[in-house]
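The block underneath contains the structure these notes are about, expressed in structure tokens.
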Amino acid sequence: MSEMLLFEALREGLQEEMDRDPKVLVMGEDVGHYGGSYKVTKGFAEKYGDLRLLDTPIAENSFTGMAIGAAMTGLRPVVEGMNMGFLLLAFNQIANNAGMLHYTSGANFTIPIVIRGPGGVGRQLGAEHSQRLESYFQSVPGLQLVACSTPINAKGLIKSSIRSENPVILFEHVLLYNLKETIPDNEYLVCLEKAEIVRPGTDITILTYSRMRHHVLQATKSLVYKGYDPEIIDIVSLKPVDLGTISTSIKKTHKVLIVEECMRTGGIGASLRATIMEHLFDFLDAPIMCLSSQDVPTPYSGPLEELTVIQPAQIVQAVEQLCNNGNN
């Protein structure tokens, strides 16, 4: 067992897969000799060489397309976006090629590509560097979306993503890279389709992912002190969602709170709420509540930025409201 920061866990997982499979390669801006914008690939260029660590121009559409072509030939490329917001420039390649080529080629091609990088609301990074792209990509057929939230699941998810035959987008939150946790020494994988029960409980099901997992855990300290017993589930797989784990929890608690950093309109929470209403309506004792970021560009101002994102106090208030209303 050894303590690692989240970015170090990603590095170790990626390195293990590159050692295991010579078909795995990495491409992106500054991933080579600079070691990546957050040092996930530090030291890789010296170990694996320039053919497996490809420094690219600032041309996201081009190098993402190049990676998709490499995947079609049997390689397993890992594309790092210096910031996830810049992957909007590669949306055509990701949507029309990565997501759909397996189908449109009559299953003649598989696209085992991983697209990963930092995103989410940081600390005064401005609107363009504070994007949450999960809502953009969730409607693209053929893509699998996962979000890491701890060093342990970050390492396991990147390994499983690389081994998948499907195109996977791995969302990493910029404020979680320095999160520290003890990592098992033995090799392990994290299932791409399985949610994690972070805390069992009986009063309410709280569904969350990425950075908001930690906001929920912070709020839970106050909730437990006040006598509430929330069940916390990190959904991990944003698409497809693990409806089995979610169903079991809701049939026990009968109340649901969704907490996300994604935008309210068209976000992961909106899709999740629709799925729950379709499949589990009869088990609900109260309306589903969804706490999401405001539908505004993220301000540069620190105090204004904080107001756009859900805070622990709002989670406490929402749980109190749902539990009290549901018990009336």
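Cβ atoms here come from the backbone N, Cα and C positions, even for glycine.
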_Candidate sharing the K(+) site with I162, N166 (per Swiss-Prot), from I113, I206, I232, I233_ = I113
_Nearest-integer angstrom distance between the alpha carbons (Cα) of E60 (thiamine diphosphate binding site) and I113 (K(+) binding site)_ = 15
*Around the Cβ of E60 (thiamine diphosphate binding site), how many other Cβ atoms lie within 10 Å? Please give the count over every shown protein chain.*
22
*Show which residues of the chain containing I162 (K(+) binding site), separated from it by at least 6 in sequence, have their CB under 8 Å from its CB.*
L14, E17, D21, V24, R76, V78, P112, V114
*asked:* Can you tell me whether DSSP puts I113 (K(+) binding site) in helix, strand or coil?
replied: coil
